Amino acid sequence: NFSRVTEFILLGLSDTRELQVLFFTFFFLAYAMVLLGNLLIIVTVRTDPKLSSPMYFLLCNLSFIDICCTSVTSPRMLVDLLSQRKAIAFEDCIAQLFFLHFVGASEMFLLTVMAYDRYTAICKPLHYTAIMSRQVCWVLVSACWVGGFLHSIVQTLLTIQLPFCGPNTIDNYFCDVPPVIRLACTDVYITEWLIVSNSGLISLVCFLVLVTSYTFILVTIRVRFTEGHWKALSTCASHVMVVTLFFVPCIFIYLHPFSTFPSYKHICVICTVFSPVMNPLIYTLRNNEVKASMWKLWKRCRV
């Protein structure tokens, strides 16, 4: 009700026409890989009874979240790369901001749950079936979505209560909290620190929990040198790669005052594009069970 700005102008990744065409080709292929790769994982896990363990159930949910996460930013970015005027309505900007933090925080919580699943499977194998039952998995996944929703509601409410009456240029290719609140016509010092304590601490705490769980896993594997544990270590290494690509940029972006770095759009590409692309590649090419199930699915489709 206090806003006079009706739209924002997104500057995008570049204002050079040749680079925009190059970026469009690259990001279109990346978006297609995210959709096809993660959809393939979901279909494979859902159709193969052998992939019914909690790890694959969580992997299926991670693939769905990755599709949602990249779909919040990539389609709009692709359209803007071919447009002369990259304008987004105020309501659409707030909606993009809300859904971005909704699925982004949900993915953080889900990656933490996946690390807990691997910790339980390796460090407490005798109790794994009882601890990670299907009911527990559903509760944990539901908690991830609820936590993401509550986080996003807080971020959105802190943003929309600000008055916007002056500049409307966002130096990014999507709407996010840091560049949007810098355009407010008021002092945002308190709001900025509230958002940092929310987004930044969530990113940092989840990352520390992940590092702690993987540390326990490494200690356990150091004592037990078996083929099954080395296989689990390979799986954990894949998780660590995804975690690094996703959490480090988020911690860098949200765990400091936003005025310190006026633009971080090139860092955002890592967690909004590269991380969702890496997930299907890592979890399929490094997992023999998933590759075997995909091959069976391909043979059934050909018949």
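In case you wondered, yes, glycine gets a Cβ from its N, Cα and C as well.
The model shown is predicted, which means the values in this text are computed figures rather than measured ones.
Sequence annotations record features per position, and here TrEMBL assigns transmembrane segment to 20-43 (among others).
As annotated by TrEMBL, domain 'G-protein coupled receptors family 1 profile' applies to 37-283.
Residues or ranges marked as transmembrane segment by TrEMBL: 55-74 (among others).
As annotated by TrEMBL, transmembrane segment applies to 94-116 (among others). Sequence-distant neighbours of the transmembrane segment (94-116) (same chain, 6+ residues past either end, Cβ-Cβ under 8 Å): 55, 58-59, 61-62, 65-66, 68-69, 72-73, 76, 88, 140-141, 143-145, 147-149, 151-153, 155-156, 159-160, 174-177, 180, 199, 202-203, 206, 209-210, 213-214, 239, 242-243, 246-247, 250, 271.
The transmembrane segment annotation in TrEMBL covers 136-154 (among others). Within its own chain, the transmembrane segment (136-154) is flanked in space by residues 54, 57-58, 61, 98-99, 101-110, 113, 198-199, 202, which lie at least six positions past its ends and keep a Cβ under 8 Å from the stretch.
According to TrEMBL, the feature transmembrane segment maps to 201-221 (among others).
Residues annotated as transmembrane segment in TrEMBL: 233-257 (among others).
When Cβ-Cβ distances below 8 Å are used as the criterion, the transmembrane segment (263-285) is approached by residues 13, 27, 30-31, 33-34, 37-38, 40-41, 59, 62-63, 66-67, 69-70, 73-74, 104, 171-174, 176, 178-179, 238, 241-242, 245-246, 249-250, 252-253, 291, 294 of the same chain, each at least six residues removed from its ends. Taken from TrEMBL, the feature transmembrane segment covers 263-285 (among others).
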Intrachain neighbours beyond the transmembrane segment (201-221), with Cβ under 8 angstroms and 6 or more residues off its ends: 105, 108-109, 111-112, 115-116, 118-119, 122-123, 151, 229-230, 232-233, 236, 239-240, 243, 247-248, 250-251, 254-255
